[in-house]
Amino acid sequence: MWNVQVVLTSIFVIFCGIVFRLVALNVKDPFIDEIFHLRQCQTYCALRFDIWDHKITTPPGLYILGMVYAEVVKRITFTSESLVSVCENMNVLRSANLFGGLVVLPLIVQGLVEKEKPQFWTVNIVAMPLLFTYYFLFYTDIWASILIVASLALVVRQPLGLITSSYISGIIAFASLWFRQTNIIWIAFIASLLVDKRRREHHNDMGFVQNGINFIRQAVKDWVAVLPFISNIILFAIFVKYNEGITFGDKENHKLNLHIVQVFYCFTFMSMFTWPVWLSIRLIKRYIHFTILGNYGLNTIFTIGSGILIKFIIDNYTVVHPFLLADNRHYTFYIWKRILNREYSNIFMIPIYHFCTWNIIDSLSHNIGGLTPITIITFIGGIFITIIPSPLFEPRYYIVPLLIYRLYVRPTKEKVFGISISRHALEFFWFMMVDVAITVIFLCYEFTWFSEPGKIQRIVW
């Protein structure tokens, strides 16, 4: 099986190299948010740290990284060009994300693979379609995700012992906040993983309430190990108060809303991308039992009530941001226009949202050796707190939840409707099919706006 992974990994790396080259040849102008990111990084490369573009919503982590990365490239290529000149080549800066995705991320997640029965293939984590697109653009998402996964891995494996691993994890977690502010929620989740791991080491599993009490006691007992994460939360609270909000700039377009339906969007994306992991006849039977047959049919009443609640949320807590309606360079524009904004969509989406919500929670709770009930609650709670306040329907916000979900959910052993195929291999081919499709659309489907004549537009997540 290892040889299969080597072959498939080689195929994916070669594919990424080809795509990067094609993007470099065809996307010669900064694309969407790259306009701000590239310009700000180039400003930092000129050592003008006093200049800041107030349209940028995230901290300067990407620009500091880009500046350092460009300096490293300059030195290892022995170029006589200045740092400013190197940074003016936007493909050099773009390659920082490709390096992160193909080198750094695999090294981190490989340490989380269980040797006897691997719960995932490293190449599949790297090939996730929501990540894949941004390996070739200068966006914050890749390194924001890498640093959170690195922080998580240190807490889970503790290669340097409890205290040292926790403090390094906390430092890396702090660095992740310089790329995306909402990572503060995932820092709290990582802290819950640490405490729960310690709880299981020192206490037998008992009832949920007693486990919760033991969790709190363990957090107090291990306060020294938890301190780096508490410090991050305190520092972030100070930042929010001083900054008068979470976003750095463009605050008018990023006001907080109660966008509860975003949870259903997230769970639907997560279920769609991970179907090779969970889809089985046994799961379908379990869902039917949960919705209709369970408790002598009483579950039917609960299901009807859930459906009514979902419709209420759709009708009252769907936020339609002006960007969603105006920007046809994102898949969400077409998802909204052709699916979610159709007549009766608030009816036919109910069973989809119901199933996807149940599926995510069910697959987490049925994974032996995965998350415990306590950390499932902190994970789901993290998703809620991260995405519900956001007015934007933005799949990039689902990257970290999807990564964590996939790191912990083990593929079912059941055949795919009677067909004998490795679930990991099926997942790889599914991801590759999606990656190829979004690459073809991105490179081949070109259009222009009347407001920007001659400037080629493309479609991404």
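Backbone N, Cα and C define each Cβ position, glycine as well.
Note that the coordinates shown come from a computational prediction; the quantities given were computed from them, not determined experimentally.
Pulled from Swiss-Prot:
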{"type": "CARBOHYD", "residues": "Asn316", "note": "N-linked glycosylation site"}
{"type": "TRANSMEM", "residues": "6-26", "note": "transmembrane segment"}
{"type": "TRANSMEM", "residues": "92-112", "note": "transmembrane segment"}
{"type": "TRANSMEM", "residues": "119-137", "note": "transmembrane segment"}
{"type": "TRANSMEM", "residues": "138-156", "note": "transmembrane segment"}
{"type": "TRANSMEM", "residues": "159-179", "note": "transmembrane segment"}
{"type": "TRANSMEM", "residues": "220-240", "note": "transmembrane segment"}
{"type": "TRANSMEM", "residues": "260-280", "note": "transmembrane segment"}
{"type": "TRANSMEM", "residues": "290-310", "note": "transmembrane segment"}
{"type": "TRANSMEM", "residues": "344-364", "note": "transmembrane segment"}
{"type": "TRANSMEM", "residues": "368-388", "note": "transmembrane segment"}
{"type": "TRANSMEM", "residues": "425-445", "note": "transmembrane segment"}
DSSP three-state assignment for Asn316 (N-linked glycosylation site): helix
Paired segments the transmembrane segment (119-137) and the transmembrane segment (92-112) in contact, 3+ CB pairs under 8 A: yes
Residues from the same chain, set at least six apart from the ends of the transmembrane segment (260-280), whose C-beta lies under 8 A from its own: 128-130, 310, 313-314, 317-319, 349, 352-353, 355-357, 359-360, 363, 383-384, 387-388, 390, 393, 395, 397-398, 401-402, 405-406, 409-412, 414-416, 423, 426-427, 430-431, 434
Same-chain residue ranges lying at least 6 outside the transmembrane segment (344-364) that approach it to Cβ under 8 Å: 263-264, 267-268, 270-271, 277-278, 283, 286-287, 290-291, 303, 306-307, 310-311, 314-315, 370-371, 376, 379-380, 405, 408-409
Within-chain partners of the transmembrane segment (290-310) [C-beta distance under 8 Å, separation at least 6 from its ends]: 264, 350-351, 353-354, 358, 362
Residue numbers, six or more beyond the limits of the transmembrane segment (425-445), whose CB comes under 8 Å of its CB atoms: 4, 8, 11-12, 15, 19, 22-23, 26, 121, 123-124, 127-129, 132-133, 273-277, 411, 416, 458-461
Contacting positions for the transmembrane segment (220-240) when only residues 6+ beyond its ends and CB under 8 Å are counted: 162-163, 166-167, 169-171, 173-174, 177, 181, 184, 187-188, 190-191, 194-195, 198, 246
